[in-house]
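Features reported for this protein in TrEMBL:
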- 2-226: domain 'Glutamine amidotransferase type-2' (DOMAIN)
- Cys2: active site, nucleophile (ACT_SITE)
- 293-432: domain 'SIS' (DOMAIN)
- 465-610: domain 'SIS' (DOMAIN)
- Lys615: active site, for Fru-6P isomerization activity (ACT_SITE)
Amino acid sequence: MCGIVGYVGHRPALDVVLGGLRRMEYRGYDSAGVAVLDGAGALTVERKAGRLANLEGRLDEVGREHFGGTAGMGHTRWATHGAPIDRNSHPHRDASQRVAVVHNGIIENFAALRAELEADGVEMASDTDTETAAHLVARAYTEGDTKGDLTASVAAVCRRLEGAFTLVVTHADHPDTIVAARRSSPLVVGVGDGEHFVASDVAAFIEHTREAVELGQDQLVVITREGYEVLDFHGDAAQAKPFTVDWDLSAAEKGGHEYFMLKEIEEQPEALANTLRGHFESGRIILDEQRISDQDLRDVDKVFVVACGSAYHSGLVAKYAIEHWTRLPVEVELASEFRYRDPVLDRDTLVVAVSQSGETADTLEAVRHAREQKARVLAVCNTNGAQIPRESDAVLYTHAGPEIGVASTKAFLAQIAANYLVGLALAQARGTKYPDEVAREFAELEAMPAAVQKVLSTVEQVRDLGRRIADSKAVLFLGRHVGFPVALEGALKLKELAYMHAEGFAAGELKHGPIALIEDGLPVVVVMPSPKGRAVLHSKLVSNISEIQARGARTIVIAEEGDETVRPFADELIEVPAVPTLLQPLVSTVPLQVLAAEIARTRGYDVDKPRNLAKSVTVE
Ligand code: M6R
């Protein structure tokens, strides 16, 4: 959702800010804007609904020479309060036009604040919650104890705001300073040589510096050319955590690929290998920041996995493995439902919160609820220092690298691998697996990057199929056991990328209703289990395929290499390498990602930026 960048340094701020906004386009947005301080007391703002290209066109019209300073900020907005039109786009200014504010999140008490300002005679120029912050900062800056002190004014306003927010504020009186604040919304500081940045994520400044600082909850940072200072909302000095970004610019660029998503599909073997690296040493599974002791893991009597979207599907896959390895009951729950149904939680419950971004509001609220109920929370996350790992008891980072395409691909595979590590760590601590069994399971996981690489070398057939079925009205996906979440993931990919009706079903459920959907020529993708590993399920699924084929469906079967039994029932057969049953999702998901991307491309859609979607969903 909203992307924020602020800069004070020695380069032309407009170029830095637009470059940062471009790298954050993946977050999803519907309007954009910039503000530049020219050093001589002018604060110049331009905003435009639609893509960044619209804003750039507007900047060319008015003349970029009017934006000639070395301090500035920019914003990509994903509308919450007010339609995505020019006047609701950020930055917002106060009546004197000396203060400019960009904002991510929701100011929950904005109606009361707005009423207060209007009663004071302030005329609002937009329908947004953000504008209230601009007027409040301007008021604090001109009155009382905070008069003339921009930092104290921002802190005073932050103390009054309710909800989750990142705010970045500039004032024409302070052309070399940017003040930024955060509560439950992302904000990182980039530390360069004679230049400093603030941004929603490190992608915005990665081409300039890899040195970053992670701000804590309710912290405020003042950046200048020379340095940065971190304070709390009362103006007292506060500690923030420096870190070095472990990927570079090339990871955030397309590297010759038409779309980020296609690059990220190809990066999956590396993402898996990086996620597993360093987690098995001296015969033991090691988690990253394991602030949960082995004794606590032994005391666990129930596991919940909470997540959204693809991350939720990774949890569904994990359930099969964790229950099998540990004999603990595992419930997998959509994070958006979790806290509203009063789940039974106590200090012996382990809640695994899975999130690529670590920012997803639904998952964050589920984490908070679980912790309030005294459950232990372990985050599986791809983003260093994001809010969900910060608020969890322990963290296992996936090392998939930045995922720019909105549709999750490499992060999903990395989540499955990381969830399996959690399962093995539990089995190890509880003694439900002998050390040599844990070692064998880990060795099988370690063989998966090569297996995924093999799938990638054969996907031309899938692309061709995608082009042939791109004009279908709908596609169904069926699976059993771990193939069921793979079917759900295949359907989600197709919905979000190709805007096509797609449903995933447990194949056994077909006869209880969905079989009524089968009609002549309807493509039905079936994810087959191994004929050796799961012989009984395999033969049941063969029966399911023959039932739908008899009713005219066009069967597209993902099956293990050499699975001859299924061949007569497959109108299209896509073979994947033989791997242990529990690891099958790591290979069988890949053709479904490629299929969805190819159908979307054939239909002429932007695979990286599907309509209406945001990469990080920071509102509930
Ligand atoms: O960042 P998260 O993993 O918490 O995101 C969860 C979902 O929003 C995400 O997986 C979404 O479903 C993807 N677009 C799926 O491709």
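FYI, residue positions are counted from 1 along the chain as it appears here.
Any Cβ shown, glycine's included, is placed from N, Cα and C.
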_Surrounding CB atoms that lie within 10 Å of the CB of Lys615 (active site, for Fru-6P isomerization activity), all protein chains_ = 24
*Where DSSP helix means H, G or I and strand means E or B, what are the helix, strand and coil counts for the domain 'SIS' (293-432)?*
68 helix, 28 strand, 44 coil
*Identify, in sequence order, the residues in the chain of Cys2 (active site, nucleophile) that are 6 or more apart from it along the sequence and have a CB within less than 8 Å of its CB; answer 'none' if there are none.*
Arg27, Tyr29, His75, Thr76, Arg77, Trp78, His90, Val102, His103, Asn104, Gly105, Thr166, Ser200, Thr618
*asked:* Summarise the domain 'SIS' (465-610) as counts of helix, strand and coil residues per DSSP.
replied: 72 helix, 29 strand, 45 coil
*Mean of pLDDT values spanning the domain 'SIS' (293-432)*: 95
*Per DSSP, to which secondary structure element type does the residue listed as 'active site, nucleophile' belong, with helix, strand and coil as the options?*
coil
